[in-house]
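Engineer: Below you will find the structure I want to go over with you.
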């Protein structure tokens with residue numbers, strides 16, 4: 001009786017396509033004023049390939065609703081319009097904190113129109129970027145090379161093939177004597193005491209101090225008597241009132257009542273928010289983290305239901 005073993009694969013699963021690591025990926029950051037206009041987004045995607053370009057909103061990135069993959073993007077382009085100061089104003093420290101780790105080494109951050117000013121570019125520099133050609137680049141971290149610190153080996157000067165140095169054989173045991181004196185072993189160098197060079201007058205002389213380092217004499221505030229009649233008590237009270245008024249003016253905070261708060265926000269769907277107002281136009285105008293990815297276009301405000309895996313508009 002012969003036994004045959006079937007070694008063929010029963011289920012042949014298709015191999016998933018591998019992404020090309022050399023393909024450059026782009027990230028577009030859109031403020032609400034740009035994302036709300038369909039024609040502006042259409043012009044942008046006519047320049048960049050949609051398959052290698054991601055679109056994100058400033059407010060979602062700053063609020064932490066979106067997490068960017070690390071070391072992914074080669075170019076980060078900030079979309080601008082006539083109100084370019086809006087995009088610059090939205091480049092806060094929270095945005096740089098989420099954006100810089102997602103940039104590859106050598107990746108570039110730039111505006112679609114114009115460039116960042118000195119004050120706005122300071123946040124980019126503090127985040128680890130380097131200014132270059134009107135934009136900012138993420139520097140390439142060079143690998144540290146360890147240095148070998150060690151003394152150089154002494155070379156024996158021999159004048160023969162048998163290891164004879166200056167007429168003395170070095171192959172055998174060393175001989176103690178005047179001829180074998182090693183100057184390198186003499187570490188008893190004569191040191192000079194620096195304090196012995198100073199005279200008594202030099203030690204009594206005060207140390208010179210720079211003008212800005214001279215300590216000020218402590219001044220105690222005079223306290224008025226319990227039954228003060230000279231006017232010192234009223235003078236100190238005036239100074240205290242002026243100091244409190246100035247502190248209250250510096251800490252002037254705008255306070256809102258409950259009626260002043262905007263109650264038009266709808267929090268019925270937890271985690272599903274939209275800031276670009278272009279979700280109804282289709283996937284071409286939706287950001288990468290849009291909850292409506294894959295759904296057909298619909299009218300703004302129209303209720304969308306999914307019943308039995310079918311979209312009901």
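For all residues, glycine too, the Cβ spot is worked out from N, Cα and C.
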Engineer: Region 'Fe-S binding site B' per Swiss-Prot sits at which of 276-290, 291-305?
Structural biologist: 276-290
Engineer: Let me know the most crowded of the binding-site residues, choosing from 228, 287 and counting other Cβ atoms within 10 Å.
Structural biologist: 287
Engineer: If you run the three-state DSSP split on residue 228 ([2Fe-2S] cluster binding site), which class comes out?
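Structural biologist: Residue 228 ([2Fe-2S] cluster binding site) sits in coil per DSSP, no helix or strand.
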Engineer: Around residue 230 ([2Fe-2S] cluster binding site), which residues of its chain at least 6 apart sit with Cβ under 8 Å of its Cβ?
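Structural biologist: Looking at Cβ-Cβ distances below 8 Å from residue 230 ([2Fe-2S] cluster binding site), excluding near sequence neighbours, one finds 224.
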Engineer: Calculate the distance in Å between the alpha carbons (Cα) of residue 228 ([2Fe-2S] cluster binding site) and residue 279 ([4Fe-4S] cluster binding site), and round it to a whole number.
Structural biologist: 75
